[in-house]
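Worksheet for the structure shown next.
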Ligand SMILES: Nc1ccn([C@@H]2O[C@H](COP(=O)(O)OP(=O)(O)OP(=O)(O)O)[C@@H](O)[C@H]2O)c(=O)n1
Ligand SMILES: C[C@](O)(CO)[C@H](O)COP(=O)(O)O
């Protein structure tokens, strides 16, 4: 079955607050985005990689690839207004039946076994999402106050979220709503339920300067 990795890096990175877009920031001397793409290539050298980047950053990315002798084959699609629109743009490059894994370009520490399990389960379940346990107590804001809720009833959601290609394309044909914060929520809006599997704790989404510090520490401490 043909496998696609749709790597989204079309955002503005406002919470990082850096001039250089966060997907290009170096960790251990190599841009975040290259590490992310390498993780998928290491899982399957035949995987079809679609990278979504703002049009204005594509020349810089090509220059970075030359500088780092980065030669993993990939197609580039234009970033959109929201993550939803970026994924939709990337899906135009999905031209055959198969499985599509949508992954945040700023999650370079996804474990190979998690990628493998998500694709393998998606062949059977059609819609698979990696999650981790909530490790802190959670409070729900109610009116002026708040109350503790049972954390056992919640999970934290990661990527890659892997889907049957036709199902995902149908889901992204729906009109955008602000509730669509990930791909699972878009697919669920069709009435299809998603299957949860264990993610890996290191698979952080590099969002703030603090996350960059964690990323550097992770690189030093693990062999991912
Ligand atoms: N219009 C958008 C918005 C987000 N993303 C991607 O979706 C992933 C998760 O988004 P997030 O980490 O929130 O990135 P940004 O939207 O760039 O960050 P911020 O909200 O701080 O501006 C990132 O890889 C980001 O590049 C995207 O492809 N297109
Ligand atoms: C897709 C995601 O990474 C799953 O946790 C997350 O929803 C992205 O959210 P953001 O609003 O783009 O930060």
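Each residue, glycine too, has its Cβ placed from N, Cα and C.
According to TrEMBL, the site 'Transition state stabilizer' annotation covers 15, 22. Residues annotated as site 'Positions MEP for the nucleophilic attack' in TrEMBL: 151, 205.
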Exercise for the section: Could you check which of the recorded sites 15, 22, 151, 205 have their CB within less than 6 A of ligand 2? Expected result: 205
Completion exercise
In three-state DSSP terms, residue 15 (site 'Transition state stabilizer') is classed as coil
Problem - Minimum Cα separation from residue 151 (site 'Positions MEP for the nucleophilic attack'), reported as the residue among recorded sites 15, 22, 205 that achieves it - result: 205
Practice task
Tell me the Cβ neighbour count for residue 151 (site 'Positions MEP for the nucleophilic attack'), meaning other Cβ atoms within 10 Å of its Cβ, over all protein chains shown.
Solution key: 13
Practice task
Could you tell me which three-state DSSP class residue 205 (site 'Positions MEP for the nucleophilic attack') falls into?
Solution key: coil
Practice task
For ligand 1, pick out the recorded sites 15, 151, 205 that have a CB under 6 angstroms away from one of its atoms.
Solution key: 15, 205
Exercise for the section: Compute the C-alpha separation of residue 205 (site 'Positions MEP for the nucleophilic attack') from residue 22 (site 'Transition state stabilizer'), stating it in Å without decimals. Expected result: 11
Exercise for the section: With an 8 Å cut-off on Cβ-Cβ distance and a minimum sequence separation of at least 6, pull the same-chain contacts of residue 22 (site 'Transition state stabilizer'), or say none. Expected result: 13, 16, 32, 106, 206, 207, 212
Fill in the blank from the handout: Within 10 angstroms of the C-beta of residue 205 (site 'Positions MEP for the nucleophilic attack'), the count of other C-beta atoms across all shown chains comes to 14
